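Enquirer: I grabbed these lines from TrEMBL:
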- His196: active site, proton acceptor (ACT_SITE)
- Cys204, Cys207, Cys228, Cys231: Zn(2+) binding site (BINDING)
- 45-57: compositional bias 'Polar residues' (COMPBIAS)
- 373-400: compositional bias 'Low complexity' (COMPBIAS)
- 66-329: domain 'Deacetylase sirtuin-type' (DOMAIN)
- 1-62: region 'Disordered' (REGION)
- 353-400: region 'Disordered' (REGION)
Amino acid sequence: MNRSSQPPVPGGRLTEPAERLDSVPGPYGKQRRKQTDSALAPDLSQMSMSGQDTLNNSSPFASAVKSSSRGGLASVARLVKLGRCKNVVVVAGAGVSTASGIPDFRTPGTGLYANLEKYNIPYPKAIFNIDYFSNDPQPFFSLAKALYPGSHRPNYIHYFIRMLHHKGLLLRVYTQNIDGLEKLCGIPDDKLVEAHGSFATAACHLCYTAYPAKEAKQAIMNDKVPICTFCAATVKPDIVFFGEDLPQKYFLNTQDFPKADLLIIMGTSLQIEPFASLVNTVRSPVPRLLLNRNAVGPFKKVPLRRADHMELGDLEETVRRFAEMLGWNDDIEELMRSQETLSLPTLISSPLSVDQTSCQSRGAPAGTETSRSRAGGQRGASSGSEETDSKSSASSSQST
Ligand code: OAD
């Protein structure tokens, strides 16, 4: 992707919460990380709610909010079955892929940001900071060897999103994930916004001249630095770093969110802007359903907005229950079987087993280094009869 032709769009730059420890140089250790985590908490509250009425573990309102969310899933399922939700927007984060064995970013202990010691960086998010990369690309390139598409498979949650499309109900999925699993499960390009980019393309980090993604990968895998043929600066995969603009496609949100009649937010801490604020741009009567382990963003506020619902717990388990309520479970299982049979031969064995093993020994889940599906597999998986699917399934959704 040559982004030099795309002028920066106001409000479209990837940013972290206002208070940053990023700018504090020096080695980080357990104590520093702890400070980072706790220092971020107040910022998140400020982002979308006042400190007084936010939900935290010690809040006396915590149980009230949890119980008020009971039945939320069933209420939303009822709306879908009644045909009231035909323009569903899904907002997704790393929690969607943990069931595929890919760690999220911020879960204490297992999250990526808690496991970066070996990269010798001054603070965890430096690894995705464009200015840091410009000065020293090595830490990111070392991590990228593990991040590149490879050995992980889409899970039930990805296929649930695909089923929304299959039923003709998905307006768009906005994902922050760079693992490519949405594509790999067969969600077509026109339904997918990879808001934080992907490994599918590469470009110069300075002049944005496009560079063949395959060659960039080859260089990185062989501990070489890919160099821009135009300005000789360092090339990187088109993952959006802190301080960079989001892809142009992200701005479809200005059309989509006002049109949405249901927003499903899954597996994200809603900490990173501008993505996090998207959830506040649907019309106020539109139901918003949060499926996550914990309350995040505006769902920490007491009381919840009238049309807000949340179901807290393990995401895959919750999505399975939701699918059961909708009568979609068998369809999803069948879709998974057929899609996995179709795309399994495209898998390559991961060259990253050493990294994975070392992370597992720190107690992280299997395949704990973020690993991504390969481009060939994505293309194969996302091709197919999506238009037919949508049309035929639109009618099938009426009967559920
Ligand atoms: P985070 O790690 O910040 O948040 C993941 C959320 O998913 C957390 O609230 C977890 O509790 C929840 N979660 C994880 N596993 C779950 C499970 N099995 N069931 C239920 N909930 C679960 O990840 P993101 O919000 O996606 O940016 O992070 C946003 C961005 O921050 C990323 O795209 C990345 C990072 O810096 C870049 O790298 C540019």
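The count begins at 1 with the first shown residue.
Every residue gets a Cβ built from N, Cα and C, even glycine.
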Enquirer: Just checking the binding-site residues Cys204, Cys207, Cys231: which sit within 10 A of His196 (active site, proton acceptor), CA to CA?
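Expert: Hits: none.
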Enquirer: May I ask you to report the DSSP-based helix, strand or coil state of Cys204 (Zn(2+) binding site)?
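Expert: Going by the DSSP assignment, Cys204 (Zn(2+) binding site) falls within a strand, counted as strand.
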Enquirer: For ligand 1, pick out the recorded positions His196, Cys204, Cys207, Cys228, Cys231 that have a CB under 6 angstroms away from one of its atoms.
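Expert: Only His196 meet the Cβ criterion.
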Enquirer: Restricting to the same chain and to sequence separations of six or more, state which residues have a Cβ under 8 Å from that of Cys228 (Zn(2+) binding site).
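Expert: Spatial neighbours, sequence-distant, of Cys228 (Zn(2+) binding site): Cys204, Leu206, Cys207, Thr209, Tyr211, Thr234, Val235.
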